[in-house]
Amino acid sequence: MAEIRIRNTDERITGEQNVRQFLENQEVLYEHWNAEKLPSNLKDKFILSDEEKAEILSTFDEEIRDLASRRGYKTWDLIALSDATPNLDELLKKFESVHTHTEDEVRAITAGKGIFVIKGSEDVGYFDVELEAGDVISVPETIPHFFTLMENRQIVAVRLFIETEGWIAHPFEDPEFSKAK
Ligand SMILES: [Fe+2]
């Protein structure tokens, strides 16, 4: 289940109800899928063939289509990142800068862990959402954020898009960000 860390105060928010309530107040969509549905040979696998990717997508086909029909997503894919990914360090460096998009950014984690850093309301400031398998999150359009890996540097996630161009990152220069650690 996802956990929150508020960067300015180092306060942690845990427990499904509290996390849901906090994210709802920040207008961030949070849902949970049953990651146990994955066949055991795919549960902790981060180097995936095209066939395995298709199998993961079909395992969650009902959840994906339900989310897509409620929220207008038209396409989806699966990304897998791990130390086996070429240039992972370079990629992470690129990921870890605050930006915005013209459509919401949706990730459904099917294995591993990831973290969204999001600019919250004035009174909250930046907060981290630590995600694990089963967690589904959508960061609203125009909300500054970035997504990166956690210490284990392994993730598999479904991405859903309204239009692929909507996902282009627009850098968000924020002097407040570096202070909020
Ligand atoms: Fe983004």
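Keep in mind that glycine also has a Cβ here, set from the backbone N, Cα and C atoms.
Copied over from TrEMBL:
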- His99, His101, Glu105, His145: Ni(2+) binding site (BINDING)
- His99, His101, Glu105, His145: Fe(2+) binding site (BINDING)
- Asp104: site 'May play a role in transmitting local conformational changes' (SITE)
- Arg107: site 'Important to generate the dianion' (SITE)
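Features per TrEMBL, on structure.
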residue : record                                                              : Cβ neighbours (10 Å)
His99   : Ni(2+) binding site                                                 : 16
His101  : Ni(2+) binding site                                                 : 20
Asp104  : site 'May play a role in transmitting local conformational changes' : 23
Glu105  : Ni(2+) binding site                                                 : 24
Arg107  : site 'Important to generate the dianion'                            : 20
His145  : Ni(2+) binding site                                                 : 21
Filtered recorded positions, from Asp104, Glu105, Arg107, whose Cβ is under 6 Å from an atom of ligand 1: Glu105
Integer Cα-Cα distance in angstrom, His101 (Ni(2+) binding site) to Arg107 (site 'Important to generate the dianion'): 14
Between His145 (Ni(2+) binding site) and Asp104 (site 'May play a role in transmitting local conformational changes'), the C-alpha gap once rounded to whole angstrom: 11
DSSP state at His99 (Ni(2+) binding site), helix/strand/coil: strand
Near-site residues: Fe(2+), ref His99, His101, Glu105, His145, CB cutoff 8 A to centroid: Thr100, Val139, Ile143, Pro144, Phe146, Phe147, Ala169
